[in-house]
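Engineer: Among the features that TrEMBL reports, compositional bias 'Basic residues' is placed at 101-110. Positions annotated as domain 'Complex 1 LYR protein' by TrEMBL: 7-71. Per TrEMBL, region 'Disordered' is recorded for 101-121.
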């Protein structure tokens, strides 16, 4: 990993912890604030450790873009949890064969960058 990439990754990691430290839940309830802070810290640790062994510059770049997108979306909407994705029409139909593959391709194309690290549902 290049020094500039490492610096970018570490600054994003520390930014996630600074956001968690200053986070206030939209509801104003103390228990909500604490649970959201814990979620932010846990999610940051999990995802950064999961991607720690990446060496491919393209995949590292995608992970950085995902992290930046999730931070910005979380700050904008004041919600640390990932936003729901909206599937294309017929995205949940139970088809077989060619139609099923086409629907799976549509679902993959509809997945936003900020959910790349989440498992398919």
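Start at 1 and count along the chain as shown; that gives each residue its number.
From the backbone N, Cα and C atoms, a Cβ is placed for every residue, glycine too.
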Engineer: How do the residues of the domain 'Complex 1 LYR protein' (7-71) split into helix, strand and coil according to DSSP?
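Structural biologist: Result for the domain 'Complex 1 LYR protein' (7-71), in helix, strand, coil order: 52 helix, 0 strand, 13 coil.
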Engineer: Could you tell me the mean pLDDT over the domain 'Complex 1 LYR protein' (7-71), as a whole number?
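Structural biologist: Mean per-residue confidence for the domain 'Complex 1 LYR protein' (7-71): 94 out of 100.
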